[in-house]
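Worksheet for the structure shown next.
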Amino acid sequence: MDAWPRCLERLEAEFPPEDVHTWLKPLQAEDRGDSIVLYAPNAFIVEQVRERYLPRIRELLAYFAGNGEVALAVGSRPRAPEPLPAPQAVASAPAAAPIVPFAGNLDSHYTFANFVEGRSNQLGLAAAIQAAQKPGDRAHNPLLLYGSTGLGKTHLMFAAGNALRQANPAAKVMYLRSEQFFSAMIRALHDKAMDQFKRQFHQIDALLIDDIQFFAGMDRTQEEFFHTFNALFDGRQHIILTCDRYPREVEGLEPRLKSRLAWGLSVAIDPPDFETRAAIVLAKARERGAEIPDDVAFLIAKKMRSNVRDLEGALNTLVARANFTGRSITVEFAQETLRDLLRAQQQAIGIPNIQKTVADYYGLQMKDLLSKRRTRSLARPRQVAMALAKELTEHSLPEIGDAFAGRDHTTVLHACRQIRTLMEADGKLREDWEKLIRKLSE
């Protein structure tokens, strides 16, 4: 196809030559009409492309070919084009082509079995399992998973969809990104086929939509989604959604839609703690058949605090360089390989950023947060900021104390212990902590 060479030419201008040579040039493209399949010689390249380049590839192919629906597969491009497979997620009218294109097939790689559980995602995992086991149950319909990018929301959504299909292979499970819902609706409006559009959605057993925050400000899209939601909910078909924040915090979402989203169960997915991050690194390494010493996993987990995607990116970089150079993966090798990545991560979450974020969150002036005043309205946010600095940076206690108007390191230590103790009993403080972690990890 002509579009792929043009896409590759643009990618060569945007990414380092060694990356293009290693991950992108081995790909072979096949145009299937409603989708484009990129074939890679092995699963490792598929994973690299999915994690690092797929969003940009979709954008470029949408521009050059008018088609941004891309699937990745292991193998070689068939000599003769294969017929487009029937959409697994769409129930179409017998005599009409589906309005919703071949998009959103569930990725079978993502299951509950390979999801790494931790304190930050326990409730989300339990809720997704319940949704898969009891589809349509009003206690968790809709199920809304919210949190920053790269924390595992889509993994849980795919896992629930795959579990639904495993329990009932005939189940019509549709997964779409929010922009795909929008595009399908626009196409239906253009083709004067809104009845068919509605019929397709109303006939499915479960609807999974990613990133509903992008519906904000799209009045007609929200109206159609509102009616689709009502029809599915009334029919006891399950709805699973993700959002990058709690929906009531999304400006531009209609109040009636926010109200509907609150009918079921909303669960926050928070950044993983150190133990979970280390477990994720080790689990992802095993998936790739790579030998990663525990101390290397601990190093990555300690330095990369923001999200799972960054952990995987660091691991992929490490494994790829080890394969290219033939060197063993050691702590020294990891520090050398990830030096720039770790430095950027450290700079992104610095003490000044933490102080400003905490001050803004509690509605304080920076000078008050750093002052010597000990009123409760100032002391508690100040302790939270100190504890976050200890949690999210590599600074020592004395360095943190210096950044807080020259306080003693024992004051910082007391603040850290105090906040940890209070969070066990104070749900509001725990919620504040988790929200601040999410803000600082974005």
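Cβ coordinates come from backbone N, Cα and C, glycine included.
Per Swiss-Prot, the features are as follows:
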type	residues	note
REGION	1-75	region 'Domain I, interacts with DnaA modulators'
REGION	75-104	region 'Domain II'
REGION	105-322	region 'Domain III, AAA+ region'
BINDING	Gly150, Gly152, Lys153, Thr154	ATP binding site
REGION	323-442	region 'Domain IV, binds dsDNA'
Which residues does Thr154 (ATP binding site) neighbour through Cβ under 8 Å, counting only same-chain ones at least six apart?
Tyr110, Asp210, Thr242
Just counting, how many other CB atoms are there within 10 A of the CB of Gly152 (ATP binding site)?
27
Return the average pLDDT for the region 'Domain IV, binds dsDNA' (323-442) as a whole number.
87
Cβ-based isolation winner (fewest other Cβ atoms within 10 Å) among the binding-site residues Gly150, Lys153:
Gly150
Go ahead and report the DSSP secondary structure tallies for the region 'Domain I, interacts with DnaA modulators' (1-75): helix first, then strand, then coil.
42 helix, 14 strand, 19 coil
Taking DSSP as the reference, which of helix, strand or coil describes Thr154 (ATP binding site)?
helix
Can you break down the region 'Domain IV, binds dsDNA' (323-442) into helix, strand and coil residue counts using DSSP?
92 helix, 0 strand, 28 coil
